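Engineer: Just passing along the structure, written as structure tokens.
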Amino acid sequence: MVNYKDLGLVNTREMFAKAIKGGYAIPAFNFNNMEQLQAIVQAAVETKSPVILQVSKGARNYANQTLLRYMAEGAVEFAKELGCAHPEIVLHLDHGDSFELCKSCVDMGFSSVMIDGSHLPYDENVALTKKVVEYAHKYDVTVEGELGVLAGVEDEVCAEHHTYTKPEEVVDFVTKTGCDSLAISIGTSHGAYKFKPEQCTVDPKTGRLVPPPLAFDVLDGVMKELPGFPIVLHGSSSVPQEYVEMINQYGGKLDAAIGIPEDELRKAAKSAVCKINIDSDSRLAMTAAIRKVFAEKPAEFDPRKYLGPARDEMKKLYMHKIINVLGSNDKLSC
Ligand SMILES: O=C(CO)COP(=O)(O)O
Ligand SMILES: O=C[C@H](O)COP(=O)(O)O
Ligand SMILES: [Zn+2]
Ligand SMILES: [Zn+2]
């Protein structure tokens with residue numbers, strides 16, 4: 001049993017309270033490998049931003065949960081070496097799907113866990129979330145629950161349509177479970193194909209596709225029911241078209257990849273939305289940079305020569321999100 005406090009990590013409680021008050025959102029970036037983690041920490045330190053490091057089930061299968069935990073512990077020391085004496089780093093389980101998984105993360109030093117019972121019948125979601133909260137709170141680990149279902153593939157379940165969160169359920173859910181934050185469904189979804197082209201209009205200036213707006217009325221309804229309660233948005237990559245074009249230019253094939261416009265995320269970040277999840281954009285930045293090196297320097301075979309540029313591109317992306325979209329920069333004294 002390791003407690004996250006001994007690893008220099010923090011939970012989300014104060015972080016979220018400050019973010020809601022300050023009208024910004026904390027970036028929750030997924031990581032699966034060293035280069036992503038380095039880029040996240042470098043970006044957070046350079047912008048003086050708190051940050052949430054997210055580990056998904058896929059990441060655990062790919063990189064091993066224990067190794068990722070030690071990497072996150074190393075991230076705290078790395079941030080200090082980079083000049084931030086008091087970094088605020090959360091190690092969070094993304095889309096936990098069982099009590100046992102959440103418990104094992106709490107026991108190995110995660111400071112925050114998500115229990116995603118959103119695909120279960122309401123009462124089962126309540127019971128499972130409550131059980132995780134009761135365990136996690138014993139160790140001061142914060143818990144994210146979820147109500148409403150995102151369209152697309154989520155937690156190995158595929159939903160064709162969004163089921164928006166019902167504002168009339170949120171007070172009951174939060175009261176019964178005791179969760180610390182709530183992920184909601186308002187039209188975002190996971191991955192790089194969030195909208196079909198036929199759902200979009202065309203911007204006459206750029207010729208690019210503009211997706212339908214998020215259901216801000218649902219978010220407003222939730223905030224009215226739960227004033228000041230921390231809300232989380234999953235599936236919030238914006239799928240920068242520069243990266244899609246770069247990938248396609250250098251031999252990739254991404255057709256009609258469309259994300260959430262950054263203006264909508266900016267608007268959400270100013271509200272009670274205090275955690276915004278971004279994974280796909282980092283994958284796109286990494287892939288674009290690697291493809292460029294492969295295309296331009298076909299004789300290169302030292303991984304550092306393409307993973308290095310990929311790391312730089314991801315860092316640029318993370319800094320952009322922090323400074324220009326979420327507004328979480330300059331929140332640490334360091
Ligand atoms: O929600 C996410 C992780 O939980 C990531 O969403 P994206 O696929 O939009 O990056
Ligand atoms: O929720 C989805 C995250 O982007 C994690 O994705 P993953 O399961 O492929 O690691
Ligand atoms: Zn879910
Ligand atoms: Zn998610």
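From the backbone N, Cα and C atoms, a Cβ is placed for every residue, glycine too.
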Engineer: HIS95, HIS234 show up in TrEMBL as binding Zn(2+) 1; which entry in HIS119, HIS137, HIS161, HIS190 does that record put in the same site?
Structural biologist: HIS190
Engineer: In terms of Cα spacing, which of the recorded positions ASP94, HIS95, HIS190 are within 10 angstroms of GLU146 (Zn(2+) 2 binding site)?
Structural biologist: HIS95
Engineer: Filter the candidate list ASP94, GLU146, HIS190, HIS234 of recorded positions, keeping only entries whose CB is under 6 Å from an atom of ligand 3.
Structural biologist: GLU146
Engineer: So for GLU146 (Zn(2+) 2 binding site), how many other CB atoms are inside 10 Å of its CB?
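Structural biologist: Excluding its own Cβ, GLU146 (Zn(2+) 2 binding site) sees 27 Cβ atoms within 10 Å.
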Engineer: How long is the line from the C-alpha of HIS95 (Zn(2+) 1 binding site) to the C-alpha of ASP116 (Zn(2+) 2 binding site), rounded to the nearest angstrom?
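Structural biologist: The Cα atom of HIS95 (Zn(2+) 1 binding site) is 5 Å away from the Cα atom of ASP116 (Zn(2+) 2 binding site).
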